[in-house]
Amino acid sequence: MSGELSPIDKAKFVAAKRSVDYVEDGMRVGLGTGSTAAWMVRCLGELVRDQGLNIKGVPTSTRTADLAREVGIDVISLDEARWLDLTIDGADEFDANLNLIKGGGGALLQEKIVATASDQMIVIADIGKEVETLGAFPLPVEVIPFGWQTTKSLIEEMLISMDVLGRDASLRMNGERPFVTDEGNYILDLHLGRIGKANQLAMVLNQMPGVVENGLFIDICDVVILGYGDGRVETRDINEGTVEEDRLDFLESDNLFTDLQD
Ligand SMILES: O=C[C@H](O)[C@H](O)[C@H](O)COP(=O)(O)O
């Protein structure tokens, strides 16, 4: 990587760097997917390499598994781990109740399974991810390829009956072809604008036969660590309701950060 990182990348980096303070020796840790989670995996790799941190990592995608192995983290499957101490992941949106939209990178299914199998889920995010009401970010819904167009029509009809503001669903593409998830499924992105009853929508979607999972994470996240481009981090804890502010002097002190800039 060369040149100066953008303020958003710096914000992601400081959130990721703060999040690894929660990881203790001997833990089984769920490793999220996406550009913010990738910073966290690199930060963990540095701790493994330089400080001998002994952890097992359960990745939420093949991309994260590849990166985790590359940086020296001992990777195991969820079935080997059975239960996790902690999962750290990114998000596309979060609200004041720490409910989330995830799946912008297409990994929502493994991410939800892994986060739900964890004692604690920490989300790391830049300030652009905070919203008053979920839904400006298109809601990803993972569907079985068989009959996906029928599933899409059924979802659109359901959205009309639920009086949801936006009702369009689009098939996520990868160039000329449908985007295919790690489980071999497709993603429909629902352009809703505003999700009034997120819990109800999540349940109704998951009752539809062709739907595998949706990207609404309701009552799963415990802590959001929010990064700013100037190094500030805020920690929002759902139980304690606290907002702590701190600043990381990452520009001068962080080897990983400066290494990646060179
Ligand atoms: O499927 C992808 C994940 O849910 C990501 O955690 C989410 O899209 C956020 O990604 P990023 O950190 O790249 O914004």
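Heads up, the Cβ atoms here are built off N, Cα and C, so glycines get one too.
All TrEMBL annotations are machine predictions without curation.
If you check TrEMBL, you get these features:
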type	residues	note
ACT_SITE	E111	active site, proton acceptor
BINDING	T33, G34, S35, T36, D89, G90, A91, D92, K102, G103, G104, G105, K129	substrate binding site
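Distribution of TrEMBL features across the structure.
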residue : record                       : Cβ neighbours (10 Å)
T33     : substrate binding site       : 29
S35     : substrate binding site       : 14
D89     : substrate binding site       : 31
A91     : substrate binding site       : 28
K102    : substrate binding site       : 30
G104    : substrate binding site       : 21
E111    : active site, proton acceptor : 32
K129    : substrate binding site       : 23
Output: those binding-site residues from S35, D89, K129 whose CB lies less than 6 Å from an atom of ligand 1, in sequence order; none if no residue fits.
S35, D89
Not counting T33, G34, S35, T36, D89, G90, A91, D92, K102, G103, G104, G105, K129, residues with a CB within 8 A of the CB centroid of the substrate site are G32, A37, A107, E111
Collapsed DSSP category at G104 (substrate binding site)
coil
How far apart, in Å, are the two Cα atoms that lie farthest from each other among T33, G34, S35, T36, D89, G90, A91, D92, K102, G103, G104, G105, K129, the residues recorded as binding substrate?
15
Cα-Cα, G104 (substrate binding site) versus the residue listed as 'active site, proton acceptor', nearest Å, comes out at 12
Return only the integer: C-alpha distance in Å from A91 (substrate binding site) to E111 (active site, proton acceptor).
10
Measuring Cα to Cα, how far is T33 (substrate binding site) from E111 (active site, proton acceptor) in Å?
8
About how far apart, in whole Å, are the alpha carbons (Cα) of K129 (substrate binding site) and the residue listed as 'active site, proton acceptor'?
18
